[in-house]
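Chemist: My questions all concern the structure below.
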Amino acid sequence: MFPMVTGFMNYGQQTVRAARYIGQSFMITLSHANRLPVTIQYPYEKLITSERFRGRIHFEFDKCIACEVCVRVCPIDLPVVDWRLDTDVRKKQLLNYSIDFGVCIFCGNCVEYCPTNCLSMTEEYELSTYDRHELNYNQIALGRLPMSVIEDYTIRTTTNLTPIKIAKNKPLGSRTITN
């Protein structure tokens, strides 16, 4: 009879412990319900990138001296620099400059070590295409400045600094973002 009583006591203690664990996990879940949403509606809302963001590379053809430093510091020898030696002036003349963004790892070494600052990183990150050969940008495509996300009136920009206000009087299933 005595082992049966201790068995019931152990069962009761285990039941109380399980109920406490369930209650703790439920309280954690409820504490997360008060947080603001983290996700954004991507095509219509875009986060503003930071200053140090490494996006598509912008190239200025007139500043380049064809020194090929960018090729030497690139971990995968990616930039293709075609030049010829102009015998009259004894200088290199740049003919073609291209980067394949399908292979580029966006490390930023080429931008950092360029002596003439003809390379710079932009905030453009939407480089997806259906054909991988379209990711090979020549000096004309690299020279185009991307449209800034801030200047595009069709896109609502959001930052991590401004909190999004959520209507409190609506039920949880139909929360809407208010300005």
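Glycine is no exception: its Cβ is also placed from the backbone N, Cα and C atoms.
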Chemist: Record says CYS104, CYS107, CYS110 bind [4Fe-4S] cluster 2. Source is Swiss-Prot. Which of CYS67, CYS74 does it list for that same site?
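Modeler: When Swiss-Prot describes the [4Fe-4S] cluster 2 site, the candidate it includes is CYS74.
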Chemist: Around CYS70 ([4Fe-4S] cluster 1 binding site), which residues of its chain at least 6 apart sit with Cβ under 8 Å of its Cβ?
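Modeler: Sequence-distant Cβ neighbours: PRO79, VAL81, ASN109, CYS110, TYR113, CYS114, LEU119.
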Chemist: CA-CA, which of the binding-site residues CYS74, CYS104, CYS107 lies nearest CYS64 ([4Fe-4S] cluster 1 binding site)?
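Modeler: Comparing Cα positions, the candidate nearest CYS64 ([4Fe-4S] cluster 1 binding site) turns out to be CYS74.
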Chemist: Applying the rule Cβ within 8 Å of the centroid of the Cβ atoms of CYS64, CYS67, CYS70, CYS114, what extra residues of the same chain belong around the [4Fe-4S] cluster 1 site?
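Modeler: For the [4Fe-4S] cluster 1 site, the extra neighbours are ILE65, ALA66, GLU68, VAL69, VAL81, CYS110, PRO115, THR116, CYS118, LEU119.
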Chemist: Using DSSP, tally how many residues of the domain '4Fe-4S ferredoxin-type 2' (95-124) sit in helix, strand and coil.
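Modeler: Looking at the domain '4Fe-4S ferredoxin-type 2' (95-124) with DSSP, the answer is 5 helix, 9 strand, 16 coil.
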Chemist: Between CYS67 ([4Fe-4S] cluster 1 binding site) and CYS104 ([4Fe-4S] cluster 2 binding site), what is the CA-CA distance rounded to a whole number of Å?
Modeler: 20
Chemist: Neighbourhood of the [4Fe-4S] cluster 2 site (CYS74, CYS104, CYS107, CYS110): other residues with Cβ within 8 Å of the Cβ centroid, in order?
Modeler: ILE57, CYS70, VAL73, PRO75, ILE76, LEU78, PRO79, ILE99, ILE105, PHE106, GLY108, ASN109
